[in-house]
């Protein structure tokens, strides 16, 4: 049998047979299972197509498996507290975990803890990255969803605490799920809440585009790849399809079934905790506390497969099959290091990994810009994302000024990069 193109990664709270399993999307065949413990809701992630990470339910560690070695648990990442949600950046460089009300950000290549963000007031419930890894969004029981720029979070200046780029504060009860669409900083973000609403936001401006009120609390949310439809999982077992192509111009509306694409998928008997759509937009995956995973045909709204689990489903999502998953002899390109629990591991007695190289410029060769490179990158992202800001496109003359400023900024960054490259080349090629 040829390797599948898309797979389902799922987990349930019982963990009797396995922690998580891999299922072929179209046939429902169980391909792989990973044993050891059980994973918390919204706390199962695939890192760079090489590792599966799952935060242990109610414990302060993360289970790690090499993706092709399902037979044994490879590693445990010990954390400062119980992990309530977990995600990794699509580029595989960063790991983000919610621990109580704080966000912990690690660099995967070194295991260094880069930042602890304490901007939420209650426990975190979900974390999501944009598809280009430039931003991530956090949601919590404090009813807030925060948009973070990765460039500002990993800044070298530790004296200034990073602030979220946007605070999405229109929900009145805890956030239950977040979905981030495509297009990086231009993406649209959907948030679900126990306040019986799902809200759609513009990431670049933080503006709310749509708010849909339902009769029940919403536990999960997702968009199809083309963003024609919004799918919302209810606490009563229903899945609501909301058309985003409706001719209605109202920003706030109440969900009602109609012939314009607003429909209900019926089949689950309890909370719908997970939703995911296939790459071609034809299949909808759902996981529920009724201990089943269902696959739906979106066009007909019919359930075409039901997969029984041993407990309430905590995680279920569709991803492209990683290349190494079905090659038993393959190994990850880079082994995972030991992950630090402190921002300054040497001061806490954890020790520092050896083998790193630190290059410091001599005083007379140091470049002393007014802004750091990461600050400039963050500024550029802000300008790129402000496509709806009237100050950018208010008039043709203003647009020309902004374009000139951006071009000058790019030239400056290129010069700084060239100077650093030339200096590094001279340093490395200098005879002893």
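Quick reminder: no glycine exception, Cβ is built from N, Cα and C everywhere.
Feature list (source: TrEMBL):
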REPEAT    117-158  repeat 'WD'
REPEAT    189-211  repeat 'WD'
REPEAT    265-306  repeat 'WD'
DOMAIN    384-431  domain 'WD repeat-containing protein 18 C-terminal'
Secondary structure tally of the repeat 'WD' (265-306) (DSSP, helix then strand then coil)
0 helix, 24 strand, 18 coil
For a three-state summary based on DSSP, what are the helix, strand and coil counts in the repeat 'WD' (189-211)?
0 helix, 15 strand, 8 coil
For the repeat 'WD' (117-158), the distant same-chain contacts (Cβ-Cβ under 8 Å, at least six residues beyond its ends) come to 42, 84-91, 93-94, 96-103, 105, 107, 164-169, 171-180, 182-185, 187, 189, 191, 193, 195, 201, 203, 206, 343, 372, 374-375, 377-378, 381-382
Which residue counts does DSSP give the repeat 'WD' (117-158) for helix, strand and coil?
4 helix, 18 strand, 20 coil
